[in-house]
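Chemist: I grabbed these lines from TrEMBL:
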| type | residues | note |
| --- | --- | --- |
| BINDING | B:Cys244, B:Cys249, B:Cys252, B:Cys260 | [2Fe-2S] cluster binding site |
| DOMAIN | B:7-107 | domain 'FAD-binding FR-type' |
Amino acid sequence: MEHRTLAGDGLPALIDELIKKGMRVIAPTQRNGDLAFGQVSSSAEAVLDYFLCKRSAKEIVFPRTEAILGFDRSGGEVKVEPPSMQFPETVVVGARPCDAASLPILDHIFTWDCDDELFTRRREATTVIGLTCTTADNFCFCTSVGLSPDNTAGSDILLTQLEDGQFFVEVVTDKGEKLAAELGELFREGGDESARQKAGEKARALVTRSVDVSKAKGWLDDHFDDEMWESWMTCLGCGACTFVCPTCHCFDIVDEVQGLSGHRCKNWDACTFWHFTVHASGHNPRDVQYKRYRQRILHKFRYYKDRFGVTLCTGCGRCSRHCPVGIDIAEVLETAAGSAAS
Amino acid sequence: MNRENIYFPHLAQITRILPQIEDHKLFGLTFVDKSMKDNFSYRPGQFVELSIIGTGEAPISISSSPTRPGTVELCVRRVGRVTNALYNLERDDLVGIRGPYGNGFPVEELEGNNLLLVAGGLGMAPLRSLLWYTLDNRERFEDVTLMYGAKIPDEMLFKYELLSLLDRPDLRCMLTVDKDEEGIWPAHIGVVTTLFDQIEIDPSTTYAAVCGPPVMYRFVLEELLKRNLSKDRILMSLERKMKCGVGKCGHCAIGYKYTCLDGPIFTYWDAINLPELI
């Protein structure tokens, strides 16, 4: 696909042009004191000189709560209504590669065996313009899970700022090509590929944390009962890691009632919550916290890989950054990989 | 009704409520939509997501047999929020049903073999489906044996139905209770494993289907292995908190398997390779 170039000050114009064309634009924006992905009504609301949003971009295709049916019992009889399955054309501007990469990873779970069309239709209606990183911290470890700060996975278009300030516009998918064609006037044909290479190297050098994830998996594969797990008992079971995670996708189905009507909702849930596996009888197959934390790690680095061929992690580091008791997922993997070596 | 939305339930009417034992009732449900009523089919061992609109959903195994279409029977224990709400409903009230879900018993593979059904407590609920499926297709199976143990006579599910099978010549129906303080029990007394001394198992032509509380498995599996039944001929119906039923929500994930799709029927071989399964 033909690459293009965007002027160094071209991002606001790009956002405003998309809004003018009637698209719903989602970008990092201030929401109640935090940076979050949200709809913007003008480029002035978008914050693109940023590190990461506190929560990931997954909620664009997998909202924290969404109705799967509406119900009404006011007439005496039960009436049920399916929700609308029409979703507006949406463009995400400025997703970091670790956020964009979560989307194709989530495709596996929401489309295997049968499609969850609440997910797939949102996904189809969404075009992602990724943005190569310019900063990283010590929790970032994307390069250890096969990604990088300039990786194109999940982006339809990836923008990389070059040394001279201009953006290299990498058109990744057909969807990206369609959008780039529509924005023709903003983009200049062609791009400086060697400058793009250089910017990519610079971005990759930002990530200094490195874990041998495949070695760690080798250890995880046959140490289900290792005593190491109990040493991670500090986990509070607060679920913060799963809520900020771009790939955690567990959900609950809950009826939310107002008077005689309401909605049945698909709400985010977390395998680290004690009630996640508890049976109505009271029996809980994961009866203590370390077993629930173990499930989170094994699901990400062993089971999902065994089932779908990909690791359920983009190395964004959010879980470590936000853990109230300082559990660092890369450190858990380092311990596993280290044990494999010894 | 709504094929795009995999979470959308079909409405069904409660057409029968048969009390079983304390806090256990058998609910007969009939789909409101006629084509659903006529076409709903399932395998023994599968489950549905039963919903009380406005309260929520719960996974319940199907207790009726697909050989008797028209009404789906669910044996429900009153224990949680959804089941308590169900107990507040009456005949003709509406509930929601999604499903059937899960793999069910591999009935075609079982054909031509001896079958040993071993149930404990509420474990009879899913095995009743297989039992009636087998009896309704009796010529397709060799010897069929049912072993069912309850703590006391008052805690035996489907008691009168099962007692009426004691005289059936084409079924070896072995019912037992752990204790019978009132002296009213007409059959065996002792835990379910004490029945094993009364039977012969030919390991080359027998499949066992086991369902019961977690504590029961260890002892029953021990008996079956002692009689040289291979691990892939021991089928177990296992309980997990299945929420979505379609392999998405993660609640019933064990190892790389999803109980709602890969189970709830697992072989003992699967169980050995999947920690946390039982």
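Glycine too: its Cβ is placed from the backbone N, Cα and C atoms.
Keep in mind that what you see is a predicted model, and the values were worked out from it rather than measured.
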Chemist: What is the set of residues, excluding B:Cys244, B:Cys249, B:Cys252, B:Cys260, whose C-beta falls within 8 angstroms of the centroid of the C-beta atoms at the [2Fe-2S] cluster site?
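Modeler: Leaving out the recorded residues gives B:Met242, B:Lys243, B:Gly245, B:Val246, B:Gly247, B:Lys248, B:Gly250, B:His251, B:Ala253, B:Tyr258, B:Thr259.
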Chemist: For the binding-site residues B:Cys249, B:Cys260, which Cβ has the most other Cβ atoms within 10 Å, all shown protein chains included?
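Modeler: The residue with the most neighbouring Cβ atoms within 10 Å is B:Cys260.
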Chemist: For the domain 'FAD-binding FR-type' (B:7-107), what are the DSSP-based totals of helix, strand and coil residues?
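Modeler: Split into helix, strand and coil, the domain 'FAD-binding FR-type' (B:7-107) gives 14 helix, 47 strand, 40 coil.
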Chemist: Using a Cβ cut-off under 8 Å and a sequence separation of 6 or more, which residues in the same chain sit near B:Cys244 ([2Fe-2S] cluster binding site)?
Modeler: B:Ile6, B:Tyr7, B:Glu49, B:His251, B:Cys260
Chemist: Kindly state the mean pLDDT of the domain 'FAD-binding FR-type' (B:7-107) in the predicted structure.
Modeler: 96
